[in-house]
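**Student:** Take a look at what Swiss-Prot says about it:
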BINDING   250, 257, 272, 301, 342, 432, 438  ATP binding site
ACT_SITE  252  active site, N6-AMP-lysine intermediate
């Protein structure tokens with residue numbers, strides 16, 4: 001398949017803001033591939049359209065930043081001065097490269113046109129290049145692609161290299177296109193994506209005529225991690241009890257979500273971003289291997305513990321463990337980890353459609369019960385033990401007063417609050433569900449993404465000291481909700497400045513526009529209505545709690561979350 005044929009449809013998708021039209025254009029692309037291409041082409045375009053070369057579950061990136069792309073563009077005959085001026089003018093490095101390359105006589109005049117397969121395989125190879133001369137090799141490969149491309153192709157190649165296509169396409173739109181073209185149930189194809197996190201594989205299977213609802217490759221599988229199910233906010237414990245009837249309460253741990261996969265004696269542990277962190281936590285792997293279980297996927301919260309106090313250590317200690325690549329044993333001696341398991345998603349077969357109460361029974365056979373109302377003495381002892389693997393502390397009751405006691409006890413041992421779950425509910429990967437709620441003692445902190453950074457003043461003049469922060473809507477569009485600078489240490493500012501310089505896509509002088517990759521957890525005095533921002537809300541006195549390197553843009557809070565918190569707080573006043 002010629003890359004230019006793909007680009008022509010991408011251009012149509014980019015020029016419309018209407019979701020249904022974008023869906024129709026992708027349907028047109030599927031039809032073109034059906035009649036002119038190969039099944040593999042639909043896999044490739046499904047991923048490329050959303051700025052990916054790898055499936056989401058693989059947690060791999062091309063790893064090229066704007067600075068390296070600019071170096072490659074310079075070798076094609078475009079000056080850095082002209083390029084930066086055009087980027088500033090257009091706000092888009094892809095359009096800047098397209099505009100400037102239109103004025104340059106390309107070597108590709110007598111060469112073969114680029115194919116989709118060439119682009120796809122070349123970009124996959126880029127991610128594998130390592131070593132001392134890796135930057136030069138990458139620059140040369142990117143340069144060759146740009147020289148061989150026509151102006152329109154160069155726009156999309158440049159964006160794809162940065163894994164940001166900027167055409168307003170997302171997974172739900174592609175799934176809707178699959179549903180329309182192949183006449184498959186939309187809910188069914190959404191569920192399949194939830195357990196595979198591989199949009200390309202689904203496309204390839206569909207165009208090959210597979211019965212996707214019964215295809216074993218599209219079922220939940222060990223060593224293919226899934227996105228976690230997410231909880232809703234609730235105004236009160238009483239409201240959540242009404243929603244969940246006889247709920248299961250669990251401690252909301254101050255830790256990091258993990259998935260544990262085990263089969264044939266092999267153990268992999270994944271973070272909530274689906275990163276494989278197995279090598280960073282060898283003591284947990286060793287403990288899991290001691291348990292006589294196989295072909296299983298478990299979910300829990302990894303907590304860094306201070307065994308002298310029985311309370312969790314700061315969240316940053318967990319990130320230190322997860323990021324560590326060297327001297328792991330030394331760090332493990334200082335930072336003790338444990339996992340509180342609260343779900344089993346696979347045990348010899350997929351269990352996500354099984355009610356929580358039945359999944360919990362399986363979990364308790366493996367790790368024992370921890371019923372707060374009847375086993376508190378045992379629980380209190382285990383908190384101070386060297387034991388690493390637990391089932392989560394729980395309470396089954398519809399008594400709000402007892403639930404509040406459990407809530408206060410969970411806070412007293414250093415954790416964040418409680419979860420409230422419907423015991424009859426299935427597990428819905430990657431969705432914020434109405435069968436699971438969270439209760440915390442204060443305003444819910446927000447996870448936001450940084451979209452701009454501004455040079456600081458005074459002591460902060462050497463760093464980016466102020467950050468524009470945004471949440472997302474249902475269409476994954478970003479909405480600014482404020483600016484934050486307080487709460488950041490000098491070490492934080494230095495680290496953030498390094499990252500900003502790697503991901504800035506437009507330089508406005510004192511301010512830069514960024515790829516949305518930095519996630520911050522922020523607290524605030526209140527959410528207030530505001531005409532300053534398009535979304536109509538703003539954070540009053542936001543303050544950074546921590547840099548959430550364990551989270552991506554997929555994990556940030558939504559506009560609906562902001563509205564819900566605003567309403568909850570307004571009703572409390």
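Every residue gets a Cβ built from N, Cα and C, even glycine.
Not measured: the values here are computed from a predicted model.
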**Student:** Under a criterion of Cβ-Cβ distance under 8 Å and sequence separation of at least 6, what residues of the same chain contact residue 257 (ATP binding site)?
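**Tutor:** Residues satisfying the criterion: 228, 271, 272, 299, 300, 301, 302.
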**Student:** Work through the binding-site residues one by one (272, 432) and point out the residue whose CB has the fewest other CB atoms within 10 angstroms.
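**Tutor:** Result for the binding-site residues 272, 432: minimum number of other Cβ atoms within 10 Å at 432.
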**Student:** Which entry in the list of recorded positions, 252, 438, has its Cβ near the fewest other Cβ atoms, using 10 Å as the limit?
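**Tutor:** The recorded positions 252, 438 were compared, and 438 has the fewest Cβ atoms within 10 Å.
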**Student:** Return the residues near residue 342 (ATP binding site) by Cβ distance under 8 Å, restricted to its own chain and a separation of at least 6 in sequence.
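**Tutor:** Counting only residues 6 or more apart in sequence, the Cβ neighbours of residue 342 (ATP binding site) under 8 Å are 250, 299, 300, 301, 363, 391, 392, 419.
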**Student:** In whole Å, note down how far the CA of residue 438 (ATP binding site) lies from the CA of residue 252 (active site, N6-AMP-lysine intermediate).
**Tutor:** 8
**Student:** Which of the three DSSP states, helix, strand or coil, fits residue 342 (ATP binding site)?
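**Tutor:** Going by the DSSP assignment, residue 342 (ATP binding site) falls within a strand, counted as strand.
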**Student:** Just to be sure I understand the packing, how many Cβ atoms besides its own are within 10 Å of the Cβ of residue 301 (ATP binding site)?
**Tutor:** 25
**Student:** So for residue 250 (ATP binding site), how many other CB atoms are inside 10 Å of its CB?
**Tutor:** 25
